[in-house]
Amino acid sequence: MKLLEGKTVLVTGASTGIGRAAAIGAAQHGADVAINYAHSDGPAQSCVAEIEALGQRAIAVKGDVADPQTAQDFVAKAVETFGKVDVMVSNAGICPFHAFLDMPVDVVERTFKVNLHGAYFMVQAAAQQMVRQGHGGSIVAVSSISALVGGEYQTHYTPTKAGVHSLMQSTAIALGKHGIRCNSVLPGTILTEINKDDLADQEKREYMEARTPLGRLGAPEDLAGPIVFLASDMAAYVTGAALLVDGGMYVNLQ
């Protein structure tokens, strides 16, 4: 059963990591996919090729989500190519680890612009298009377990992910009358580009694995299923929800 048959799905930050897994997962479930990416062309084009190999259409649109115009351009290009927007997966994010007391101003500002402002304007642009279309839609934002817990070297990052979580709650209310559902996924420790240097520390990695009841760290593909589910009509009565995808880490307090 393909959960997204005939849908058009947009995914930000999709050349690698969770975004890439979500884009490919959507294609596996029958969707055409537009991906946003900010840096290297190679990984983005290989993602497009992988989606096309599944028999679906795909485009890659380069742009920095910190610029509000990027959101408008991304949605417009998707509509030009596919004719509509059914699902937005707002995933793009950064986390340059740094101590709190000497945190550079530019690191704080860049993190907020990418993670929170970028999510806001992508969600808004997609919602505007969905309202124009008149047949509802689904928005899934990638927040983090860090929306619920702190991190010594993430004082600039955790507020942005709490903000994304809150954004989905508020937009669920604002957009419900238009038939647009808004939900978030909260990944735990997932092996991606964002934390590969941090988890290169074997002692740190083993500690995080031990904290996880399922006994392993997550892979990007572990997020694809939950994202596809929330995007699909299987979740037609789910909005304003937050789904932890963390191997049980959050509940392991002892």
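Every residue gets a Cβ built from N, Cα and C, even glycine.
Per Swiss-Prot, the features are as follows:
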- S144: active site, proton donor (ACT_SITE)
- Y157: active site, proton acceptor (ACT_SITE)
- K161: active site, lowers pKa of active site Tyr (ACT_SITE)
- G13, S15, I18, D64, V65, N91, Y157, K161, I190: NADP(+) binding site (BINDING)
- S144, S146, Q154, Y157, T189, N195: beta-L-rhamnose binding site (BINDING)
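Here the features listed in Swiss-Prot are painted onto the structure.
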residue : record                                     : CB count, 10 Å
G13     : NADP(+) binding site                       : 29
I18     : NADP(+) binding site                       : 30
S144    : active site, proton donor                  : 30
S146    : beta-L-rhamnose binding site               : 20
Q154    : beta-L-rhamnose binding site               : 21
Y157    : active site, proton acceptor               : 24
K161    : active site, lowers pKa of active site Tyr : 27
T189    : beta-L-rhamnose binding site               : 22
I190    : NADP(+) binding site                       : 24
N195    : beta-L-rhamnose binding site               : 18
Item to check | Neighbour count (Cβ, 10 Å) for V65 (NADP(+) binding site) | outcome: 27
Checklist entry - Secondary structure at I190 (NADP(+) binding site) (DSSP, helix/strand/coil)? => result strand
Checklist entry - Which chain neighbours of the beta-L-rhamnose site, leaving out S144, S146, Q154, Y157, T189, N195, have a Cβ atom within 8 Å of the mean position of the site's Cβ atoms? => result C95, I145, G151, T158, K161, I194
Checklist entry - For I18 (NADP(+) binding site), what is the secondary structure state per DSSP, taken as helix, strand or coil? => result helix
Checklist entry - For Y157 (active site, proton acceptor), which of these binding-site residues sit within 10 Å, Cα to Cα: G13, I18, V65, S146, T189, N195? => result S146
Checklist outcome for this item: For S146 (beta-L-rhamnose binding site), the spatially nearest of the binding-site residues G13, I18, V65, using Cα atoms, is I18
Checklist entry - Any idea what the Cα distance is from I18 (NADP(+) binding site) over to N195 (beta-L-rhamnose binding site), rounded to a whole Å? => result 12
Checklist entry - Rounded to a whole number, how many Å is the Cα of V65 (NADP(+) binding site) away from the Cα of Q154 (beta-L-rhamnose binding site)? => result 20
Checklist outcome for this item: Among S144, S146, Q154, Y157, T189, N195, the record's beta-L-rhamnose-binding residues, the widest C-alpha separation in angstrom comes to 14
Checklist outcome for this item: Q154 (beta-L-rhamnose binding site), DSSP three-state class -> coil
Checklist entry - Three-state secondary structure of G13 (NADP(+) binding site) from DSSP? => result coil
